[in-house]
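Following: one structure in structure tokens, then a few remarks.
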Amino acid sequence: MEAGRTRLSDHLSQQLDADQSIHRDLGKLILDIATAVQEIAILTSQGALAGVLGNLASQNVQGETQKKLDVLSDEILIQTFRSGNLVAGIASEENDEPIANKNGGPFLCLFDPLDGSSNIDVNVSVGTIFSIQHAPKDRSPQLADYLQPGRKQIAAGYAVYGPSTMLVLSIGRGTHGFTLDASSGEFILTHPNIQIPADTSEFAINASNERFWEAPVARYISECKKGKTDVRSRDFNMRWIASMVADVHRILMRGGIFMYPKDTKDLSKPGRLRLMYEANPMSFVVEQAGGLGSTGRQRILDLKPESIHQRVPVVLGSRNEVERVEQYHREHDSTN
Ligand code: AFP
């Protein structure tokens with residue numbers, strides 16, 4: 001190992017207590033996820049050459065058309081977990097119900113196997129998001145066992161399949177980024193102790209939904225667009241990749257605020273993003289890096305989940321900006 005290069009396995013050995021079996025098992029599980037991520041990275045990097053682009057005739061539980069890579073990525077992760085004895089149960093965006101593992105294990109794993117998959121056919125970065133919870137002891141997990149508040153996650157993270165493949169994760173002791181060295185197949189620690197700047201001049205939102213936003217969101221974005229000509233002391237920039245993993249990764253790297261708020265576009269949906277395997281893990285990683293994850297009205301990690309595929313509004317990133325959006329929601333709600 002080259003001097004000064006810390007592998008993922010070395011980092012986990014430093015962060016976890018080898019004397020505790022739960023820590024040893026968590027380290028093994030994260031290394032299993034890293035292996036699965038490498039396999040998905042190979043598929044996404046081959047794109048059309050691997051015959052993995054395009055849609056399937058099927059739809060997922062969200063009623064969304066499934067991409068070939070959605071299903072392939074899902075199968076890789078499910079196979080990874082079911083072949084081991086670390087994960088007692090699995091919940092995935094691509095599967096209606098949780099899947100129990102007959103081998104049992106101390107953890108539950110919830111994941112979006114390929115987030116941003118509508119970008120895959122146009123060669124834009126996509127990712128995998130995962131959340132790790134404690135499994136019930138001495139019995140097979142039931143649906144209610146998965147519905148733990150995000151603050152109870154043991155670990156969470158994501159892989160981003162971009163110009164480089166990175167794994168960004170937290171076990172509750174800061175957020176750390178690893179870059180895949182394709183030549184060695186090792187994830188190398190390249191971004192230790194990531195810290196999100198508390199202030200930012202960059203917002204990320206799908207502005208085409210503007211007419212559907214609630215007043216506090218419309219107020220915040222309007223002020224950002226007016227920049228220093230209005231109440232804000234500076235001009236703002238906008239980014240929207242439409243791949244949550246890529247947008248959130250940028251925010252972890254240089255600050256920013258990501259917003260997919262509740263809107264009136266589809267009143268049956270209180271937001272687009274899913275709590276259990278998108279908002280919760282991303283909020284965990286962001287808050288471990290000094291940021292904040294909110295619905296606009298309350299902290300995401302404190303939400304009591306009601307269903308596996310539940311959707312929530314998401315406002316996360318640079319703490320001072322997220323707190324400003326929360327303040328605008330309080331002011332609005334106090335007079336309406
Ligand atoms: P897909 O997985 O269908 O591409 O959706 C991606 C996503 O869930 C999230 O990654 C993006 O931030 C968001 O949807 C983009 O939504 P819009 O397409 O409405 O902008």
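The backbone N, Cα and C atoms fix where each Cβ goes, glycine too.
The Mg(2+) 2 site recorded in TrEMBL includes Asp112, Asp115, and the single candidate from Glu278, Glu287, Glu306 that the record places there is Glu278.
When Glu64, Glu75, Glu93 are compared with the Mg(2+) 1 site residues Asp112, Leu114 in TrEMBL, the one appearing in that site is Glu93. The 6 Å Cβ screen around ligand 1 retains Gly116, Asn206 from the binding-site residues Glu93, Gly116, Asn206, Glu278, ordered by sequence position. The Cα of Glu93 (Mg(2+) 1 binding site) lies closest to that of Glu278, out of the binding-site residues Gly116, Ser117, Asn206, Glu278. For Gly116 (substrate binding site), the number of other Cβ atoms no farther than 10 Å from its own Cβ, over all displayed protein chains, is 22. Using a 10 Å radius centred on the Cβ of Asn206 (substrate binding site) and all shown protein chains, the other Cβ atoms total 14. Across the residues of the domain 'Fructose-1-6-bisphosphatase class 1 C-terminal' (196-329), the predicted structure has a mean pLDDT of 97. Each of the binding-site residues Ser117, Ser118 was scored by the number of other CB atoms within 10 Å of its CB, and the largest score is that of Ser117.
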